[in-house]
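Undergrad: I'd like to ask you about the structure that follows.
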Amino acid sequence: MGPPSSSGFYVSRVVALLLAGLAAVLLLALAVLAALYGHCERVPPSELHDRGGPHAAPSPPGRQEPARTPKPGPTLEKEVAPTPRNWRPPGPWDQLRLPPWLVPMHYELELWPRLRPEELLAPALRFTGRVNITVHCIAATARLLLHSLFLDCESAEVRGPLSPDAGDATVGRVPVDEVWFALDMQYMVLELGEALQPGSRYELQLSFSGPVYQDTREGLFLNLYTDQGERRALLASQMEPTFARNVFPCFDEPALKATFNITVIHHPSYVALSNMPKLGQSEKEDVNGSKWTVTTFHTTPHMPTYLAAFAICDYEHVSRTERGKEIRIWARKEAITAGNADFALNITGPIFSFLEDLFNISYPLPKTDIIALPTFDNRAMENWGLLMFDESLLLLQPKDKLTEKKTVISYIVSHEIGHQWFGNLVTMNWWNNIWLNEGFASYFEFGVINYFNPKLPRNEIFFSNILHGVLREDHALVSRAVSMKVENFTETNEINELFDLFTYNKGASLARMLSSFLNEKIFISALKSYLETFSYSNAEQDDLWRHFQMAIDDQSKILLPATVKSIMDSWTHQSGFPVITLNVSTGVMKQEPFYLGKVKNQTLLTHSDTWIVPILWIKNGTTQSLVWLDKSSKVFPEMQVSDSDHDWVILNLNMTGYYRVNYDKFGWKKLNQQLEKDPKAIPVIHRLQLVDDAFSLSKNSYIEIETALDLTKYLAEEDEIIVWHAVLVNLVTRDLVSDVNNHDIYPLLKKYLLKRLISIWNTYSTIIRENVATLQDDYLALISLEKLFGTACWLGLEDCLQLSRDLFRNWMNHPENEIPYPIKNVILCYGIALGNDKEWDFLLNIYNNKTKEEERIQLAYAMSCSKDPWILNRYMEYAITTSPFTFNETNIIEAVAASEVGRYVAKDFLINNWQAVSERYGTQSLVTLLYVIGRTISTDLQILELQQFCSNMLEEHQRLTVQAKLQTIKNENLKNKERSARIAAWLQKNT
């Protein structure tokens, strides 16, 4: 069968002669089309890796070179010029999912990156490779589709059918007439001379080359770094979700699992790592006589392409054995020598053992390598047998004792090890259910760490790390359910967008809610059954629900109002979450969708379904029986409260439900009375909940702001810093700080808060002064102190300002006396704000001697805290001239404009320097700057002034964008002014 016209067109020599008289414009069109695509020529496999000379430059996105595939025998070499998508008729190459014609069974994969230690800065580093893919044919087809992106095809052959009786010996060969690429859906298409037969197996033999990425951590990428004073490089891979196709042609979908035999050819000075242990090593020479090491690895279990992993590095490692299996942590040599990997090594084995025992399923691989990459975009990846971490998330340095880093490393290591069961052993069928991987791995982080650190406040940490963030972003109109329909996806980049707050945090929250309304025994029993059934296979969300239902049906203690599927689908198949409102006088409970900004007439904002809501609750401090709200409203007489001083109700025990709770005015009043009388009678997690729910509901017009403020009256008795953090985050907002000079609220807020804050301030300021080391295991304090100290200094608490001066000057005089990390941002900022050019110049000198981007950004922002206009002007001058200082980490003009003084200084600076700012940071930076400068506008006159100010700086389309955005800012500020006026009135009354 010849190639269909839809794939492009082929002009034979005879036809070309007949068409020689066509107009030159047609020839020009053909030339343009041909230039868009690469080539695929037949090269004997034995010669593939022995080519010398330079390699072709990588094809840029949106562009790939066509295939050139000869038929067997002395035939004319063929040019393939695929046409744009809208020029070819519809076909399987227009679909996001692969057609079900072939199922991969095994990959023989060889990769040869040309990385040499003496050529670290060589441009356009490339790799070559070969892959033989054994496939099972399901349906007769003369066309093969597999994934490939930015790879140049060197040769393509199809052998088979394979003979199982002769050890998979090749019976024949299927002619490959043409190879072309459908870039929209990232396919390589092989047009065959005859159809493959159903039930038979074949071997696809492909040789290819491609680029090593340097500016992105996708596919096969390069890290440049410094170790022991020398510049070095390593290569690593990131395949999830759809980047395996950037490294080798493959069937790049999670359900198409196969085994892999991997070979990596590398420079002898490097170590090669992959999913499995090393099988053997040999040596080979290239055409230039250079020697290379060939490292082969044992066969992997069945796994999806996104878990295939490789690393080539000049690293050292530390190791230990856990239950007979080796665990190695690889890192820069100086980090290993310094012991920075020891903490991760010591927790990894016990975490594996805990999860093996919990699920009664052994980790199936014979080893685990974990590698700390110098640059991995603050990520980690669970590749089976070769886990990869950004080194900032794995290595613990002595200076990290007073940071939350030790706990963060514990959580992230637990998350990635959890994936060895949720994701690696059992994989979701397709990306629409990625939450089955990420949600459960995120949930079990907390089970693991709580097991090893039972004193950690588990509920409060889950709220701070997981629940708070996603409740703030989720609402009824967000176009994102946890589990999406496959047909909703039309482009590959939509898959990447799934790795978000909803997949991780909402997924973990729903798993936690499920566990709470069952019990731990049933929850784990169902998961064991699920993991055992689908080991080395794939599952849908409904498969998980079925195993939970089986566990429920096997007992009689837990009774549910509906099937597990019905309950959980109501949470995973629709966006948002409900607000549960209880009238404590009548016992009537109702649910409604949570909207950002509720309006009285909600007819335009429809949300068709209700949720089946588990209600765990407490009354007067005692846990009550679980009830269910499985309709829009229901009466629960047992939840009514009396006028008694000791009668109160709180819904959502331990905040295990994924919803917010509202009460009628009497219900809120009873809770407020209890807080003022005996706050400790209400558990910490519920004091946290009351504050967070009340302020969120008031901000979005479900309750009055005064109701939320009433809950703060008791704060003088509050000694839990995490509760204070919730109050300050909600009350001392960025908008309020920005607008402080234009409002009456500041002196009232200062008087009100300082009176209540002084006790918690004295506790922690004393610790900072006398024994700061005691904070190193107090995770909640470490994440909360910055807001507490920042607010105290902003409110003008003299002790806070003096402590800032003392710590900053002590650091200036004795640089070895580091500022305590949890409050470093605050101390740096106020040290500069309260100082003069001496402090500023000192910080500039420190900045110039730092190499880590994170530290340089911290210092760059601190220098913008100065209140001296001449210092800020000099700072911005340095930024736009970039000499002798670089300031490449952030936009300095924006940093200056963010402060109250700096807003006016930056505006004046722009008048004379906007062209230089545009050249330094780009035209779009001017647009952003206008938003920062205009962040407090509240009148049309102010908008007009800003428009006139920027009229000659921007293009017409940018001016229109700025006008619309400023109008939005104005409207939001007017709304905030109304809210601030009510806060001020309340403060006036209660101060």
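Each Cβ is built from the backbone N, Cα and C atoms, and glycine gets one as well.
Annotations for this protein, taken from TrEMBL, read as follows:
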{"type": "ACT_SITE", "residues": "E416", "note": "active site, proton acceptor"}
{"type": "BINDING", "residues": "H415, H419, E438", "note": "Zn(2+) binding site"}
{"type": "COMPBIAS", "residues": "57-73", "note": "compositional bias 'Pro residues'"}
{"type": "DOMAIN", "residues": "103-307", "note": "domain 'Aminopeptidase N-like N-terminal'"}
{"type": "DOMAIN", "residues": "343-571", "note": "domain 'Peptidase M1 membrane alanine aminopeptidase'"}
{"type": "DOMAIN", "residues": "648-970", "note": "domain 'ERAP1-like C-terminal'"}
{"type": "REGION", "residues": "46-91", "note": "region 'Disordered'"}
{"type": "SITE", "residues": "Y504", "note": "site 'Transition state stabilizer'"}
Undergrad: Just counting, how many other CB atoms are there within 10 A of the CB of H419 (Zn(2+) binding site)?
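TA: The answer is 23.
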Undergrad: Find the one among the recorded positions H415, E416, E438 whose C-alpha lies closest to that of Y504 (site 'Transition state stabilizer').
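TA: Result: the closest of the recorded positions to Y504 (site 'Transition state stabilizer') is E438.
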Undergrad: Non-local Cβ contacts of the residue listed as 'active site, proton acceptor' (under 8 Å, 6 or more apart, same chain)?
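TA: Expected: A380, M381, E382, L387, F389, A441.
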Undergrad: Within 8 Å of the Cβ centroid of the Zn(2+) site residues H415, H419, E438, which other residues of the same chain have their Cβ?
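TA: Neighbours within 8 Å of the Cβ centroid, excluding H415, H419, E438: E382, E416, G418, F422, G423, N437, F440, A441, S442, E445, Y504.
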Undergrad: Report the same-chain neighbours of H415 (Zn(2+) binding site): residues 6+ apart in sequence with Cβ closer than 8 Å to its Cβ, ordered by sequence.
TA: A380, A441, S442, F444, E445
Undergrad: Show which residues of the chain containing E438 (Zn(2+) binding site), separated from it by at least 6 in sequence, have their CB under 8 Å from its CB.
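TA: Listed in sequence order, they are G423, F499, T503, Y504, G507.
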Undergrad: So for Y504 (site 'Transition state stabilizer'), how many other CB atoms are inside 10 Å of its CB?
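TA: That number is 22.
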Undergrad: Quick one: average pLDDT across the domain 'ERAP1-like C-terminal' (648-970), no decimals.
TA: 91
